[in-house]
Amino acid sequence: MPSDHLHGLTSKLTDEQSMAEQRRAVTETLLLRSFLSNENNGALTAAASEVTTTLVLSAFVTACMAFGLGNLMGYSSPTQSGIMEDMDLSLKEFSLFGSTLTVGAMLGAAIGGKVTDLLGRKGTMWILNVLYIGGWFAIAFAKVPWLLDLGRLSLGSVSGITGFLMPLYIAEITPKDLRGRISAIVPLMVCWGLSFIYLVGSFVNWRTLALIATIPGLLQLPLLYFVPESPRWLAKVGREKEVEDVLLCLRGEKVDISEEATEIKDYTESLRSVSKGSTLDVFQRTYARPLLIMAGLMALQSLGGIGAFAFYSGAIIQSAGISSLIGLITLAAVQTLLGLLGVMLLDKAGRRPLLLVSFAGLCFGSFLTGLSFFLKDFNWWDDGTPILALIGLLMYMGSSVLGAGIPWLLIAEVFPVNVKGSAGSICNLINNVFAWVISYYFNFLIQWSSAAFCAANYILVAKFIPETKGKKLEEIQESVTHSLQ
């Protein structure tokens, strides 16, 4: 018996050493190819950054998804009185309608990674588009309260999956030096969608607003026929012959994509040889620490109050004695400027510096907002506290759009394709659960705790988050999983 036990331990040790050797071989191959590419193929590297029609269409479809996400996040705020009056709902019933979005988001987050792995990135987009349009139609034509809730639940599931799918798809189809800039469009479009629904909701009734909110989904519908599937997902499921065709569409006919295609296939094959593709693979020692860091990043971001600040922004603006219209326009302008700054800087300054700036701004903005509430409680500086709250809100929301999408991008970049779905589901679920908690307890936490969580996230980023700009996904994943073991 001891002999059998010793033999089992020896076999296990041999297997682990073999796996480590395979991973080291892949790393060396990738680094060598990267070196040769930089030395001998400078022209091809520049050409690979060409913005093709297919890439633009794919980015536009993702932007429509992000705009629609902003629509569904902001819908309940300008429509509360109209829905309660027309449908004869009590405050409790309307609260159920509003909270159903979060329930759907948590359900979507729990299954989103598995769905994107089974159906593919494009296949999941088709399903989400149907649920998105159907959810809005259910709300627009609802005659009974349960149909309202059903539509809201459908939209919530879309929200839970979309938050993970958008950066994942962008990361897997874009060249390394355009990945950050295109990804930065997502949080900007979410903010525009939120501001749009607030603004239009001031002038139209809730049924018309629901029909208007279907526009992003209707725009996606014909374009989904023309956008490609992720080449990395195609390699993962064994459709290797399609990988080069998709890369040609994304990079352009004049670009030599053979090296990139070979690298994707080889790396995917190496993962297949050391992983069975099980959901439990993400809990292996190789991925445990990156998973813990990314889950902590998502949890602290939610605990920092981003969702609640967005929900209560109208109330904060009104408390400052400023009209909702002027306040929303000012907020949209600030977010647009900082969002465009993020688009320009994400591939130049890098992910890590922008995250640090973003969390510092979130911390200070939350502190100013909390300070205004503190001063108001003691009737100190009555004339200045509303303006202080507004300044804090603008700083907070502006900082959020600067860096809110980066954690999602990092999840898409750091984890390899064999565990990306599982890791994304876990991080996404944690994000939505804590978002619900912070929204529910926002009135208790707004004074100081929100700033403390933002400060904690700043420390987490400064200590553990690696820089990923300008690197291929396979290169990032190999370096991160080795350095964080």
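Cβ coordinates are placed from backbone N, Cα and C, and glycine is handled just like the others.
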Given ranges 291-312, 423-444, the stretch to which TrEMBL attaches the annotation transmembrane segment: 291-312
353-375, 445-467 - the one TrEMBL records as transmembrane segment: 353-375
Overall pLDDT for the domain 'Major facilitator superfamily (MFS) profile' (54-469), taken as the rounded mean: 87
